[in-house]
Amino acid sequence: MQLYTYLYLLVPLVTFHLILSTGTLAHGGTLTERRSTDTTALKPEPVLLQKSDARSTDDNDKDRLTQMKRILKKRGNKARGEEEHSKYQECLREIRVNKVQQEC
């Protein structure tokens, strides 16, 4: 009976000691920093793009950044041009009128 009591207490201690000393679990997964060094070794190095490759172009092979700068300069650095802004305001008015008519 005493032998079973000692084994009952000894087996968990031995397995816990083995897990901590080897740093591995039953399936071979690591508990220590080995896993983190492996993942950093697998990370790809960043690709350095040239300035021309980094910029996107549209269907006509024109630089989108340059086109956007021209558009903003033409609009006076506003988010929308005057025409787009007036169309947006008209749509808002129509929506408000429709809501008022639906409530009545």
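Just so you know, glycine gets a Cβ as well, placed from its N, Cα and C.
So that you can see what the record holds, here are the features copied from Swiss-Prot:
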- Glu90, Glu94: divalent metal cation binding site (BINDING)
- Cys91-Cys104: disulfide bond (DISULFID)
- Glu83: 4-carboxyglutamate (MOD_RES)
- Glu84: 4-carboxyglutamate (MOD_RES)
- Glu90: 4-carboxyglutamate (MOD_RES)
- Glu94: 4-carboxyglutamate (MOD_RES)
- Glu103: 4-carboxyglutamate (MOD_RES)
- 29-87: region 'Disordered' (REGION)
- 1-26: signal peptide (SIGNAL)
Measuring Cα to Cα, tell me the gap between Glu90 (divalent metal cation binding site) and Glu83 (4-carboxyglutamate) in whole angstrom.
11
Do any residues at least six apart in sequence from Cys91 (disulfide bond), in the same chain, have a Cβ closer than 8 Å to its Cβ, and if so which, in order?
none
At the Cα level, what's the spacing in Å between Glu84 (4-carboxyglutamate) and Glu94 (divalent metal cation binding site), rounded?
15
